[in-house]
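J.: Below is the structure I would like to discuss, written out as structure tokens.
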């Protein structure tokens, strides 16, 4: 079995220590560990985190391999410091059967860059009418525990209630894409000052907030847990805060882009800023940061949504919604949460690894950096600062809103169960 | 002047007054037996219309022809666009044929802005109406009509609309005409009031440089011009208002309401009018209604815009006279 010694790494941002990997596990953490028989990686003050876990990724395979595949998506994930990603169900065909989720799961294992944990659709074809075979997906080799119609809202209150109840039998969780469909017909961007001026269809905050309010109450009523995808408004934060104070089992995620960007950017009519939920206002951004800091929002999830160039190189209304995010997520979190003093690195690890692994029941991920644990690790050069160059992305798509933006932090190494998937910023 | 005309908000007061003054010069051409200037001879302009709009297209075409430009009309219907060709490819195809300016009408807000700023083409872009965003030449022709009627054809030269009270009534939410007019009229110093049922005013209107009222009757006596916006009957089905009749009663302009306006005040409409809905036949056909003048003024304004964007620095009309005298 191969050994690797990571020398002088600030584990979770603490004092420099050595970390020895032996085979698939962490053999020891301490100072002055022997390098005998081990390959040495000089961390030189870089920060070592548990491998990141993304609860919200679109890998596009099967069906849209022109924008991303399991291979290119997991390479992008490894580049961004991730060791596990949850693949959303809105593929073609939809991941609403055991067959599809097993295929996606096996592709992830076969490629070996990052564990792929498929998310199953809540309803057949994401149509919101009939429950998909949730139990069969759970019992399949993929062992699905997270279910979501992401991209579409489970808007029928009865279907949502039943889904929340049903998955309790096997410890599952429903991840809701909160978007009241009638309030968002023809919606193109956040409804407010900017949409009024630009003449783009408004996407009101209440369309998100009303669904979240309903769903936390449903979760309370049936005693289930519910997860809120990509929460984007200050009002949503208030509702989740209230629900948690009542003891409702709700968890919530925020995307990196909602922590940094606002709807002012839409004035460029550049569809690279078109995303669902839409970019909101400065006030929302600040509320989301505060909520991520105080724990109201549990985790950061990328909503990595690759799209081919032609789907963004067009007029706003014709463009697809979504941004790639796996390769920039940690940098955006460092920029918005660490450099601002809102989170330290231990708290970043909790929000980008420990908690998402817990919510999705990803065993072996999000574990402490200590002896005996699986060696899923990420080494970050936090002193780095540079402009984002999409040409260097491992993702098949380039639809990033950060092109040319100067951001801090660069993942230099990623280990998946002791195997290096990224070395000195290069994929293995 | 800038290279493109995308939004009325991009115009400074001096830009706008220059366009209005140039349009007055252009209007004189229309009074001549030969209504043509050689100004844009050898230049090619394409009218790229992704939305049906016969009036606007014809108005631009008349303006282009009076300036002696070569005109290509491109209508999206029955073209490669209906077969899935993108805006970018369509524009690049046209530019490859040697087009100097693109006049674009598009259903998507921001499409002209994208065309002008994405590096797809080099030609000048004139927005002939995009989605519910902007329709700057409409706002310019409206301002031109107001200046002529409220100040005077000659007295208005060099003037803006400082202190004039302009009321826009109707479907502001879906109206690019309203957005363009609010921007331009504010730049020209006018005081703008929007009147509409609350459902037809956008969330976020509070940041616009205008007043908003839900009460037409109290606004009319304080108006120098009242512009009625078209209300599409389909809006009724989306619960913006209960019935056509109720809309007319509350927000339609009839003879009785017109009588409450100051004597000098005019009634405007960008067309096409829905008679019996936002405006009665009595008002539409009255002397105070400027609908037909607006159409005529539209040609002059579009000549002025195209001349200023494409014609360089030479004076348009005097240069033309020399050419005619030769």
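Backbone N, Cα and C atoms are what each Cβ position is placed from, and that goes for glycine too.
Pulled the feature table from TrEMBL, pasting it below:
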ACT_SITE  A:303  active site
BINDING   A:56, A:58, A:150, A:303  Zn(2+) 1 binding site
BINDING   A:58, A:59, A:60, A:90, A:276, A:307  substrate binding site
BINDING   A:150, A:177, A:230  Zn(2+) 2 binding site
DOMAIN    A:45-233  domain 'Dihydroorotase catalytic'
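Map the listed features onto the structure and describe their local environment.
T.: The Cβ of residue A:303 (active site) lies under 8 Å from the Cβ of A:56, A:57, A:58, A:229, A:230, A:255, A:257, A:275, A:322, A:323, A:325, each of these being in the same chain and 6 or more residues away along the sequence. DSSP classifies residue A:303 (active site) as coil under the three-state reduction.
All protein chains considered, the CB of residue A:307 (substrate binding site) has 25 other CB atoms within 10 Å.
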J.: Out of A:59, A:60, A:150, give those binding-site residues positioned within 10 angstroms of residue A:177 (Zn(2+) 2 binding site), comparing C-alpha atoms, in sequence order.
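T.: Passing the 10 Å Cα cut: A:150.
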J.: Between residue A:90 (substrate binding site) and residue A:150 (Zn(2+) 1 binding site), find the distance joining the two CA atoms and give it rounded to the nearest Å.
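T.: Per the Cα atoms, residue A:90 (substrate binding site) and residue A:150 (Zn(2+) 1 binding site) stand 7 Å apart.
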J.: Find, among the binding-site residues listed as A:90, A:276, the one whose Cβ has the highest number of other Cβ atoms within 10 Å in the structure shown.
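T.: Neighbour-count leader: A:90.
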J.: Return only the integer: C-alpha distance in Å from residue A:276 (substrate binding site) to residue A:150 (Zn(2+) 1 binding site).
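T.: Their Cα atoms are separated by 10 Å.
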J.: Excluding A:56, A:58, A:150, A:303, please set out which residues of the same chain place their CB within 8 Å of the center of the CB atoms of the Zn(2+) 1 site, keeping sequence order.
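T.: Nearby residues not in the site list: A:57, A:88, A:151, A:229, A:230, A:301, A:302, A:304, A:305.
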J.: Which residues, in sequence order, are found in the same chain with Cβ within 8 Å of the centroid defined by the Cβ atoms of A:150, A:177, A:230 at the Zn(2+) 2 site, excluding those residues themselves?
T.: A:56, A:88, A:148, A:151, A:175, A:176, A:178, A:179, A:229, A:276, A:277, A:303
J.: What Cα-Cα separation, expressed in whole Å, is found between residue A:59 (substrate binding site) and residue A:150 (Zn(2+) 1 binding site)?
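T.: With distance taken Cα to Cα, residue A:150 (Zn(2+) 1 binding site) is 13 Å from residue A:59 (substrate binding site).
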J.: Give me the largest Cα to Cα distance among A:58, A:59, A:60, A:90, A:276, A:307, the residues the record lists as binding substrate, in Å as a whole number.
T.: 17
